[in-house]
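Chemist: Sharing the features that TrEMBL gives for it:
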- 8-59: domain 'Sleeping Beauty transposase HTH' (DOMAIN)
- 75-146: domain 'Transposase Tc1-like' (DOMAIN)
- 155-305: domain 'Tc1-like transposase DDE' (DOMAIN)
Amino acid sequence: MSERMRIMRSKELPKELRDRIVARHRSGQGYKRISAALKVPKSTVASIILKWKKFGTTRTLPRPGRPAKLSNRGRRALMREVKKNPKITVAELQRCSREMGESSTKSTITAALHQSGLYGRVARRKPLLSARHMKARTEFAKKHMKDSQTMRNKILWSDETKIELFGVNSKRYVWRKPGTAHHLPNTIPTVKRGGSIRLWGCFSAAGTGRLVAIEGKMNAAKYRDILEENLFQSAQDLRLGRRFTFQQDNNPKHTAKITKEWLRNNSVTILDWPSQSPDLNPIEHLWRDLKMALHQRSPSNLTELERICKEEWQRIPKSRCEKLVASFPRRLMAIVAQKGASAQY
């Protein structure tokens with residue numbers, strides 16, 4: 001494309017040139033011939049003639065509002081940059097815009113992104129998945145997708161979590177008047193060392209099992225003791241019988257020699273779990289439910305925090321547990337669809 005035609009495509013043509021295009025059209029010349037003679041893109045020739053036929057003039061008509069600061073070409077280029085790198089910043093997009101010859105402000109670029117349905121959001125934190133992890137996750141999902149609901153109802157799901165004393169209510173909203181931000185009723189008490197507790201818990205489609213506070217540092221021996229004191233009792237409370245399947249992740253404490261020996265000696269059937277897969281474990285949603293319940297009760301010390309955790313854990317309805325276990329096939333399908341990458345769960 002010639003330099004003149006490139007400029008013509010990006011700038012409005014002079015009225016005198018538009019009149020010449022219409023005059024040649026009226027004399028019987030075709031679009032292609034007019035384009036070649038006047039060195040104007042054929043699409044521009046067609047647009048000007050269509051406008052003349054519709055409005056009977058070649059002059060610039062009043063626009064309905066202020067012209068866009070960002071051209072359609074510039075907008076498409078920004079969309080391509082965002083598609084290539086969703087983490088690109090507005091400042092980086094502004095530099096790209098300048099390199100294309102369009103000096104757009106950050107607010108203009110942000111508005112263009114919003115008009116295209118793109119909004120800045122905090123990126124979700126997901127486990128780092130290698131090609132090996134994704135392959136294993138896909139194979140696991142395909143293997144268990146056809147399991148019956150009866151088999152899934154016999155799974156005892158487990159996990160550990162950490163709960164901060166003041167982390168559960170660190171962000172609260174209050175209704176207040178201007179200038180009263182530091183009034184006592186409008187503040188939340190904080191301490192430098194509020195402390196936290198670690199919990200081990202389990203559940204099945206029949207409801208929640210035991211919830212245990214982990215004393216001191218967790219190691220393989222302590223994990224084995226937790227299983228010895230709580231695993232079969234939880235299965236009994238939930239009426240799973242002896243032939244249940246136990247789910248745990250691949251934490252080194254769970255795969256340690258003494259843990260494996262205990263599980264083998266007690267004839268516990270283990271669900272072969274893929275690494276880096278918290279999105280497959282429905283207990284993650286119960287941890288969120290528990291933390292939301294704690295947010296409403298605002299415990300003031302670690303003893304109270306542990307007590308409230310156990311109370312709220314027992315209050316989780318059986319219907320919630322049933323629904324989460326029933327979601328497992330959808331989780332598996334999502335993993336297969338994502339080819340082993342993280343799913344929305």
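Cβ coordinates come from backbone N, Cα and C, glycine included.
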Chemist: Counting by DSSP, what is the helix, strand and coil composition of the domain 'Transposase Tc1-like' (75-146)?
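Modeler: The domain 'Transposase Tc1-like' (75-146) comes out at 44 helix, 0 strand, 28 coil.
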Chemist: With DSSP as the reference, give the number of residues of the domain 'Sleeping Beauty transposase HTH' (8-59) in helix, strand and coil.
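Modeler: Across the domain 'Sleeping Beauty transposase HTH' (8-59), the residues distribute as 37 helix, 0 strand, 15 coil.
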